[in-house]
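S.K.: Handing you this structure, nothing more for now.
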Amino acid sequence: MTSGKIRQEGEPRIAVYPGSFDPATFGHLDIIRRAAKQFDKLIVAVLNNTSKNPLFTVEERVELLREVTKDLPNVEIDFFRDLLVRYMRSRGAQVSIRGIRSVTDFEYELQMASTNRQLDEGIETIFMMTNPKYSYLSSSMVKEIAKFNAPVQDLVPPAVESALRRKFGTSQG
Ligand code: PNS
């Protein structure tokens, strides 16, 4: 367990928003925009997770996130393949951001936040409530809908919509 203070007085406030982002949705983007306003720097960190079976490669997910956040100067897109708390220490980040859509999310998120706290007491998790407009939205749903060639333009940014179409070899739904 680590417990050292990360941020000294006067140093930038850096947050990490970790996730799979397979792919990024309007729900993610809403959290990114709101979190970016609260910190000097927000690092959106894509987990390079070999145990899941992602639709998009890490490189593709990073590229898409860069495209959809290019108007946000204090947002950086990166990936990691380590424990989140270790990655955060390596980036000098003090806060992990997670979006909460529902009570069901909360149970899992609480477990994850408590685990991270056990691993490193210097790391804080801050939960942000997802915009109710997107409370039903998930990357899995988006993939399911796109697979069946139904429209997803209300759910994901145009760059992600095009990438989904290319992935599934579908036309405009
Ligand atoms: O978008 P997701 O899949 O809900 O994100 C989950 C993520 C990436 C935040 C979580 O799996 C994670 O932090 N993994 C890195 C490994 C780790 O630190 N595990 C210990 C905490 S559960």
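A Cβ is built for glycine as well, from the same backbone N, Cα and C atoms used for every other residue.
Relevant sequence annotations retrieved from TrEMBL are reproduced here:
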DOMAIN    16-144  domain 'Cytidyltransferase-like'
BINDING   Ser20, Lys52, Leu84, Arg98  substrate binding site
BINDING   Ser20, Phe21, His28, Gly99, Ile100, Arg101, Glu109, Tyr134, Ser135, Tyr136, Leu137, Ser138, Ser139, Ser140  ATP binding site
SITE      His28  site 'Transition state stabilizer'
S.K.: How many Å separate the two farthest-apart Cα atoms among the substrate-binding residues Ser20, Lys52, Leu84, Arg98?
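M.R.: Spelled out: the longest distance between any two Cα atoms in Ser20, Lys52, Leu84, Arg98 is 19 Å.
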S.K.: Cβ under 6 Å from ligand 1: which of the binding-site residues Lys52, Leu84, Glu109 qualify?
M.R.: Leu84
S.K.: What is the separation, in Å, between the Cα atoms of Arg98 (substrate binding site) and Glu109 (ATP binding site)?
M.R.: 8
S.K.: Which residue, of the binding-site residues His28, Lys52, Arg98, has its CB surrounded by the fewest other CB atoms within 10 A?
M.R.: Lys52
S.K.: Out of these binding-site residues, Leu84, Ile100, Leu137, which one has the fewest other C-beta atoms within 10 Å of its own C-beta?
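M.R.: Ranked by other Cβ atoms within 10 Å, the binding-site residues Leu84, Ile100, Leu137 bottom out at Ile100.
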S.K.: So of all those binding-site residues, Ser20, Lys52, Leu84, which one's Cα sits nearest to Leu137 (ATP binding site)?
M.R.: Ser20
S.K.: Of the binding-site residues Ser20, Lys52, Leu84, which one sits closest to Ile100 (ATP binding site) when you measure Cα to Cα?
M.R.: Ser20
